[in-house]
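Everything below concerns the one structure shown next.
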Amino acid sequence: MAPPTPASTPTPAPRSAPSTPHHQLHVHHHPPKTIPKHRLRFPSPNIKFHGAPAPPPPIADHPVEVIGRIRDPPADLRKDKDRDWDKSSSTAVEIADDARSVRVRTDVGYREFALDGVSMSENEDLEGFYRRFVSSRVEGVRLGAKCTIMMYGPTGSGKSHTMFGCPKQPGIVYRALRDILGQGDENDDEGEAIGAALFVQVAVLEIYNEEIYDLLSGASNGVGGPGLGLLKGNNNTPKVRLEFMGKKFKNASYISGNEAAKITREVAKVEKRRIVKSTLCNERSSRSHCIIILDVPSVGGKLMLVDMAGSENIEAAGQTGLEAKMQTAKINQGNIALKRVVESIANGDSHVPFRDSKLTMLLQDSFEDDKSKILMILCASPDPKETHKTISTLEYGAKAKCIVRVSLTHLPTFKDKVDSDESLILLRSRIVAMNEFIFKLQMENKLKEKERDEARKELLQKEAELAELRTKIQHIEGRKSEIKEEEINLKVDQRTKTLKSELTMMEERTLQQKQELDMLRQRLEEVELERCKVVEKALQDIDGGRLVKRLETYSGEQGMVKSMELDMGELHDTNVVKEIKEDSCQPESYKKLFQLDPSLALIEEEANASMSRFPDKVCLSTVFEEDEEEEQEERESIEDEVDKEVVEEHTDRAGGTHGFNSLVDPGVRGNNNNNADCVFPSYLSCEVGSENNSTEITKDPASARKTRIQNIFRLCGNHRELAQQVKTSSPLQRGPQDENKQPSPLALRKVLGSNLGLQAEQPQATPKYMLVSDSILKESPVSALILPFASLELKEEQKSANKELKRSASSERYQDKKENESPKDMESDKYIDIYVKWEASKEFSGGLIRKLKVLKNSSLADLRKLIESNLEGDNKKFTFLLLGDPSGAPVSKEKEASSQVNKLPTCNNQMNSYLACLRPVKKPIQNPDHVPFGSLENTLSPGLTSQLSDVFSPKVDRLNTSYLTSF
Ligand SMILES: Nc1ncnc2c1ncn2[C@@H]1O[C@H](COP(=O)(O)OP(=O)(O)OP(=O)(O)O)[C@@H](O)[C@H]1O
């Protein structure tokens, strides 16, 4: 049982006039042995101490102010009122005249409870109630005070109605917000400032089933905080459960700001999340305690508004079911805990059970903080059925009202009072100044926020413009690429057209050139025809005996003899001359030759064609028809070519008959007058008769001379024909387009090489011979055949060979040398003269063969090749003798490659002159039936030579040595 309180002291029910509050107060003074920090002090206005002056009363502060608010009578009571309702007999609660005490009618009488104020909602609306009892507390909070306003009372007594109001009139919460934030009418959303606005932080909590939930968290997005318990509110949005540590709860959400309208809207919205339930006592009964904490950090003020769930009787409320009963039990637990706390504080207990419930834990600061005030609003119903609840509530309030906070450490003096008043004024002025400053800051903040919004808008606009520009740029770039492609296509088309026109022009030009070529061919044919005519005419002349006459005339005269003697030199006593029967001999010879060498087959064809066009005797006529200018010129050109060959012959005639003697026609020996009639080698002009040959031997000197002349002219003609055929015999090398071109030197050399055994197609392999090839050609008997046409291209061939030498890797040294040396130095320093001679023996006395010019660094093997190319047949078999060597031993063939030519002995002590002495190697004659080959045979390949032996070298009678005289 709760200790009796003054308010709960039963008093006899007044029968007439209502008693005054003074009559209702019955003070029971129980001075405590020890004065606790918080102690209950019952008011004792008339305490007198006899015999001694009364000590100054300690300063007592009533931290808990208790106000009673009696709601409107219930509807059923009003019905009675409408039917001439007797108010005094129908209601169980009456208010004293001083409006500070309330009298409750019970069955046994009245009970009066002295409070700090009482309000009948019937007579005073919420606005009046707020202004009379609450606004002063809120103003204190604006100045930095701490105040807790809690609603206490049974269910349906109007706690929530008073705290939150109704649509017609706002409750304490919204009015307090408006006042603290210093703004005007609550209907004005924007809220005109009536003073300096304060920045507030608002938290809204709910204690349900002894758990604290944050009603703000997840209110807007419906999502709870992490790791915290969730509870769905009326709008099915989860709530965040808060951890309570010590006296503080953690991680609560706040509504921050200074705009009353916005915060009011938010709180109203959040309040709807509170758990309510319809009961028999209340259609919308709150099932949780709701705490609204309003902090004013700028001044340190704090306003805590607590709407407690109404304690109720489970049966009366009609709660059925375990959950409902648990709810009610929890609600009552909080209320009972608060009641105990209040009683403990009022009784001056050393222990106050704040920890019995979450509600008392939350309110601990409100009770313990010296600066904190508590305004307890006791809600009660005038319904007589609720009398016991009303009395219980009033008893609780009366007990709370008895709580006195006494400070014995410092008793304020008058001066303290003055100082405190002054300091209070000073502090208030400072607070006002600070509030103004804060207001300015807030206005600046608003302006900055506006500027920020404008800047954001501008930024968005710029971004939109930028995106538009980017799209434009992309569009332009796309068009540029299209334009570029078009330009390229246009240029390609133009170029194609130009090339086509050029192609057309080239085709026209080619056609024109073809036409010109046809014309030239036609003209050539005409010229050929003319020449044929001329030849026919010449033949007619020959047939007519003009040439025969001339020959006879010459043969009959001494002049002819002299002329022939002059022509033939030492052969004047030769009286055996063989006549060459060309028609029977040469074609067969050619056939055999061409069968062996296919490349010559083409020459054969052309030669046959030419021979068909130019009969044998044409040659003769071309020599002697002096009065026909064209033939004469042709003959002279041939003679010039032959002259050139003869002039360049440097054979040493003094060398005996061995080796080189056979190269030169005996008629040439000792005759250096360059007479064209005497230059042809005898093997060309004479052939030894044989069994298979159709030559015949003429023994008559006159006839022999004539035959010789005929042979000369015939061979001269053949020679010219052959030269012409070779000149024009380039079908192998010439293409169709090269018909009018001269054969290239290389091609000519190939033809010659393939026919005559020369290795002209390998200039880089034998560079040394290239330098001396001129002399080789000049000195070789083959030169008599090839020089007329070969000499034409010799220089160019040498040039091309030099070019090829330059290209080859081995010619790099040569090129460097050439660059560093002057041409004269190169000529003089690069070559040495080698005098080649045979060793003197029993057969012949030796003698100088000829002088050769070779490279300085040539070896004896190189010299051998060079000498062999100038020698014939078995004469190629020789060895070098080292004359300087005391032993005089011949050089072995293996050592020739390593022996330099400059190791040879010098010749007559001359610089760059050396002497090469050759010793012939004798071998048995394998084919003595054959006359030694001419130069043509010697230059052919060995295999070819053996097969051609029957063709070019007619067999001779070994018993008959007369063939030797023909040389
Ligand atoms: N002073 C008043 N004037 C008019 N109507 C009132 C007044 N007080 C309460 N009411 C009405 O009574 C009903 C119950 O009130 P309210 O819900 O405020 O009681 P409560 O004490 O909060 O109950 P609970 O503790 O169960 O929540 C409501 O419908 C409310 O409108």
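Note: Cβ is positioned from N, Cα and C throughout, glycine not excepted.
The stretch that TrEMBL tags with coiled coil, taken from the ranges 61-88, 621-648, is 621-648. Candidate binding-site residues: Gly153, Gly158. Fewest other C-beta atoms within 10 angstroms, Gly158. Neighbour list (Ser157 (ATP binding site), Cβ cut-off 8 Å, at least 6 residues apart, same chain): Arg71, Gly310, Cys379, Ala380, Ser381, Glu386, Lys389, Thr393. Annotated ATP site Gly153, Pro154, Thr155, Gly156, Ser157, Gly158, Lys159, Ser160; additional same-chain residues within 8 Å of its Cβ mean position, judged by their own Cβ, are Arg71, Met151, His161, Asn282, Gly310, Cys379, Ser381. Cβ neighbour count for Pro154 (ATP binding site) (all protein chains, 10 Å cutoff from its Cβ): 25. In this structure, Gly156, Lys159, Ser160 are the binding-site residues from Pro154, Gly156, Lys159, Ser160 whose C-beta falls under 6 Å of some atom of ligand 1.
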